[in-house]
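Here's the structure we're looking at; comments come further down.
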Amino acid sequence: MAVLCSTSMQFLLVTLAALTGICLGGSDGPRGVALPFVFDPKATCDPPCKHAGICIRNNSCFCSRGYEGETCQYANCYPKCKNGGECLRPGKCRCPSGSGGKFCHKVVCDGGCWNGGECIAVNGEAKCICPSSWTGSRCQDAICPQGCRNGGSCVAPGICSCPEGWIGGACHTAVCKKPCVNGGKCVSPNTCRCRAPFSGPQCEERKKLF
């Protein structure tokens, strides 16, 4: 090894600094190497330096900006990747499920949160917190407090979609195309419940008393 002192060595040192994007005496030098440093032009590194790192003495690498490690094998993200994210290349994080953003600093719910839901971390897991009128993993299901009866489905907060033959806020009122008469009541689609002494499809017939 030789200490850089000659004009040619100084030139090499300046060239080395220019290649790595580091200014002599600056504060941006890669971890573990300070400039000026002892440099051996005949040094060998096994395994070799990666990502444009330069072997400055035997098995000692000078890393280019954005990389670190004994052989410059690790990319460096600043700020560090959060929530278990992995630094793929300088400034680029790969985020695990449940997190997102440039540095994995945001909580992300798979598929997003619908209808005004908010994605937050609950016990380390990303979950949608829904407004009072919606429910479901993504706040995709409306809530009808009154319920939807007789096969009806809740399609919006407090609004039921009713099958044919039923109407009303909870699909609770049957529809008889021909109205029930003589005090009869429509109890299911096109079905009348008659009061005595009447009978028939629409309670139109009066029973004869003997």
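Every residue gets a Cβ built from N, Cα and C, even glycine.
Features as listed in TrEMBL:
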type	residues	note
DISULFID	Cys45-Cys55	disulfide bond
DISULFID	Cys63-Cys72	disulfide bond
DISULFID	Cys109-Cys119	disulfide bond
DISULFID	Cys130-Cys139	disulfide bond
DISULFID	Cys176-Cys186	disulfide bond
DISULFID	Cys194-Cys203	disulfide bond
DOMAIN	41-73	domain 'EGF-like'
DOMAIN	105-140	domain 'EGF-like'
DOMAIN	172-204	domain 'EGF-like'
SIGNAL	1-25	signal peptide
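Proximity of Cys130 (disulfide bond) to non-local residues of its own chain (separation of 6 or more, Cβ distance below 8 Å) is seen for Cys113, Asn115, Gly116, Gly117, Gly136, Cys139, given in sequence order. Mapped onto DSSP classes, the domain 'EGF-like' (41-73) shows 0 helix, 9 strand, 24 coil.
The Cβ of Cys176 (disulfide bond) lies under 8 Å from the Cβ of Cys186, Pro189, Asn190, Thr191, Cys192, Gln202, each of these being in the same chain and 6 or more residues away along the sequence.
Cys119 (disulfide bond) is 40 Å away from Cys63 (disulfide bond) when you measure Cα to Cα. Sequence-distant neighbours of Cys119 (disulfide bond) (same chain, six or more apart, CB under 8 Å from its CB) are Val107, Val108, Cys109, Gly112, Cys113, Ala126, Lys127, Cys128, Ile129, listed in sequence order. When pLDDT is averaged over the domain 'EGF-like' (105-140), the result is 89. Rounded to a whole number, the distance between the Cα atoms of Cys203 (disulfide bond) and Cys45 (disulfide bond) is 101 Å.
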